[in-house]
Structures are given as C-alpha cells and as structure tokens.
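Read the structure below first, then the notes.
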Amino acid sequence: MSTMTPAEIVSELDKHIIGQAKAKKAVAVALRNRWRRQQVAEPLRQEITPKNILMIGPTGVGKTEIARRLAKLADAPFIKIEATKFTEVGYVGRDVDSIVRDLIEISVKQTREAEMRKVRSKATDQAEDRILDILLPQPRAVGFGGNAEHANDDNNATRQTFRKRLREGQLDDKEVELDLEQPSVGMDIMAPPGMEEMTEQIRSMFSNLGSGKKQRRKVKIKEALKLLTDEEAAKMLNEEEVKTKAVQNVEQNGIVFLDEIDKITSRNNEGSGGEVSRQGVQRDLLPLVEGTTVNTKYGMVKTDHILFIASGAFHLAKPSDLIPELQGRFPIRVELDSLSVEDFEAILDATDASLVKQYQALLATEDVQLEFAADGIRRLAEIAFAVNEKTENIGARRLYTVIEKLLEEVSFSAGNHAGERVTIDAKYVDRALGEVAQDEDLSRYVL
C-alpha cells in the first residue's frame with residue numbers, strides 16, 4: 001500500500017496531468033485514507049468505510065488518465081473497467097461479480113511477485129548452483145585420504161572461479177541443457193452468463209493436467225539463469241499464504257475504477273427495452289458498492305472496504321439519473337473542467353512525457369532534430385481548441401490528431417532528412433494545418 005501523503009500524490013499526478021486540481025485532491029485524500037484506516041485500532045477500523053468518488057467531466061479532460069496514474073502510485077490491487085461491459089443477470093454479457101474475480105487475479109499476481117522478490121537472492125544462488133553442477137559435474141571419488149581432499153579443494157576453487165565468471169556475464173552466450181518444469185497450458189472456454197465460476201474451475205482443472213512434467217531444453221546461460229531463478233523462487237513460495245494475503249489485500253486496499261457510468265443511466269426519452277437492462281446493471285452494482293461477499297476460486301472476498309471511483313461525461317444524462325441508492329454510494333462528487341488553450345499548451349510541453357518530447361524522441365532515432373518554437377506550440381494549442389469548439393469536443397485527444405497531421409510529411413520523409421533540424425513555428429503550423437482548421441467541413445473529417 002502507498003504511504004505517500006496527499007500533497008505527494010498530487011505532485012506526482014501533476015507531472016502527467018494538467019489542471020483538474022479538485023479531482024486530484026479527491027483521489028489523493030481517498031488513497032491516503034486507506035493508509036490512515038490501517039493505523040486505526042479494531043473494532044473501529046471495521047466501521048470506517050471508504051468514501052466512493054464520482055468524477056464528472058467531458059471526454060478527454062483527464063478522468064481516465066488520473067485513474068491510470070493512480071494505479072501506479074497506489075501499490076494496491078487496482079482494476080479499471082467499463083460499466084457498459086456489464087449487463088443485468090439473465091442478459092447476455094458479463095456479470096458484475098466478475099469485477100471482483102478479475103481484481104483478485106490481479107492481487108494474486110501482485111502478491112506472488114512481491115513474495116518472489118523477497119526470496120530472489122536465495123533463489124539466484126540456488127539457480128547458480130544448478131548451472132555450475134551442469135558445467136562442472138562433481139568428480140568421482142578416486143584414491144584415498146589426501147588425494148581426495150586435494151581434488152575436492154581444486155574443484156571448489158574451479159567452482160568459485162566459474163561462479164565469478166557467471167556473475168560477471170562472461171558465460172552468458174554459452175549453451176546448456178536443462179530439465180525445466182513445463183508451464184501450465186491455459187485454455188479459453190466460452191462462459192455462459194452467470195456461470196463464470198464453474199468455467200474458471202474447469203479452466204483450472206485443465207491447466208493442472210500438464211503441470212509437474214519436466215521438459216529438456218537447450219538455452220543460453222543468461223536465459224537459463226532467469227528460468228531457474230523463477231523455478232527455485234516458485235518452490236520457496238507457500239501458495240496458500242499467497243492466496244490468503246492476496247484476498248486480504250483486495251479486501252483492505254482494493255480500488256475499482258468504473259468508467260463510462262453515465263452510459264448505464266436511465267433516460268426518460270428512451271424506450272423501455274434498454275432501460276430495464278441499464279437499471280438492472282445499476283441494481284447489480286449496488287450490493288457490490290455497498291458491501292457484499294463474492295465467491296471466487298481463491299475464497300470468499302468481502303467488498304465492504306474496496307474503494308470505487310466512478311466517472312462519466314454525463315453529456316446526455318445527469319448524475320441524478322442514476323438510481324437513488326447508487327447515487328448515495330458515491331458521496332464525493334468532483335467536476336472536471338473543460339480544457340482551455342493554456343491547458344493544451346501545457347499538455348503539449350509541460351508534462352514529463354509530453355507529446356512534443358515523444359515526437360522529438362521518435363524522430364531523433366532517424367537523426368532528425370525536431371524543435372518546437374513557443375509560438376508554434378501556442379498555435380497548435382489554439383487550433384486544437386478551435387476544432388474542439390467547432391466540432392465534437394474530445395478534449396486533449398484532439399492534440400493527437402492535430403500533431404499527427406502536422407508532422408505527417410516530416411515523419412514520412414525522415415530518412416531523407418538525416419542530420420537536419422526541423423523547426424516547428426507558427427508559420428509552419430499555419431502552412432500545414434491552416435486550411436484544414438479553417439474549413440469546418442474538412443476539419444470535421446481530417447482533424
């Protein structure tokens with residue numbers, strides 16, 4: 001679990017996301033409250049439930065990006081899912097309980113990796129011993145007394161020399177033959193609605209059929225060391241302990257990001273067919289958000305303390321169109337602002353992995369030096385903003401389209417301009433995009 005303070009979390013998010021201070025503060029406080037709750041003594045700790053968040057804002061302003069970056073900072077089981085993927089029980093589609101099943105799979109993977117890191121050093125030593133046993137088979141005991149001891153000392157000295165060479169990478173390209181455990185073979189089985197649990201058990205049964213068998217492979221020592229280290233580390237793990245920790249981690253620290261929640265709202269001007277299904281999904285989500293117990297292959301998982309963050313553009317619907325019970329389960333509401341020209345400028349140039357830096361790095365691979373003048377970045381931002389105003393407002397995603405169109409010619413003929421410098425200023429932008437940006441019909445289809 002992350003131990004970062006809210007200010008530190010916001011500072012990290014600022015490196016990648018421009019503006020949206022209210023949303024950043026809300027998710028930062030929610031994440032910090034997970035840690036605070038762990039410091040509270042029982043039985044009060046059980047009574048403290050997470051305050052779920054509803055993020056409201058147009059598309060392309062940073063809702064999904066906040067969730068994506070939060071996942072990296074959280075150091076906790078995290079899943080982002082589209083609410084539109086789910087249907088009411090009885091309809092064709094995914095059951096909402098599969099959210100928790102997917103989350104527990106992520107947690108098991110995280111926990112197993114964390115436990116393997118703890119034993120990695122010991123596992124590496126054992127893997128080195130196995131490789132050295134192949135390279136330097138133990139000599140047969142011949143002779144008596146001193147001769148045997150002398151041979152043993154020589155073998156140990158040679159072994160240490162080879163171990164040193166192995167660690168320095170001098171033997172990486174040498175090939176060895178190994179007997180490795182065969183990985184379990186996964187199977188894809190189409191699951192009928194509501195029968196995901198049974199399907200998972202069948203898949204697990206088939207995957208265990210080939211496990212435990214050895215397979216002889218010829219690999220380079222560098223790869224052999226990695227394969228054997230993983231195998232030795234896996235032997236040291238207590239799988240039951242991993243499962244128990246994973247379930248506990250989901251229950252105490254799990255985060256679910258529900259995207260496109262506005263698409264499952266009920267709207268009065270529509271027919272009753274879709275209405276039933278959408279309301280049904282909301283009612284199925286309700287116990288999950290409220291707190292229920294879901295049966296998974298790793299055991300029963302309680303959702304009482306899982307944090308839910310929902311987001312939606314709410315263009316055609318309002319948050320009040322959600323069923324009242326579900327509205328009440330998202331007490332913290334945050335509105336995200338539409339992006340201004342200044343925001344577009346900052347997105348292009350001010351973030352750690354800005355679009356400008358990405359394209360400069362891409363073209364540098366062909367020895368083309370791409371430079372963006374301040375007035376060029378400003379003009380790009382103005383064009384992206386204007387096109388959003390005239391046509392559909394897709395937020396920051398418009399920048400991808402605009403900059404791709406701008407650099408189309410340079411990217412195509414980069415091989416012919418090796419060693420050259422290309423400067424993108426306002427004149428260059430107007431020459432490449434001016435006509436398209438001004439013609440509304442053209443910009444609707446091209447930008």
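Glycine is no exception: its Cβ is also placed from the backbone N, Cα and C atoms.
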Problem set entry | Co-listed ATP-binding residue [Swiss-Prot; alongside Gly60, Val61, Gly62, Lys63, Thr64, Glu65, Asp259, Glu325, Arg397] among Ile18, Ile104, Ile106 | Ile18
Problem set entry | Ile18, Val61 as binding-site residues, winner by CB count within 10 A | Val61
Problem set entry | Extent of the ATP binding site in Å [max Cα distance among Ile18, Gly60, Val61, Gly62, Lys63, Thr64, Glu65, Asp259, Glu325, Arg397] | 34
For this session: Kindly assign Glu65 (ATP binding site) to one of the three DSSP-derived states: helix, strand or coil.
Result: helix
For this session: Could you tell me which of these binding-site residues, Lys63, Glu325, has the fewest other Cβ atoms within 10 Å of its Cβ?
Result: Glu325
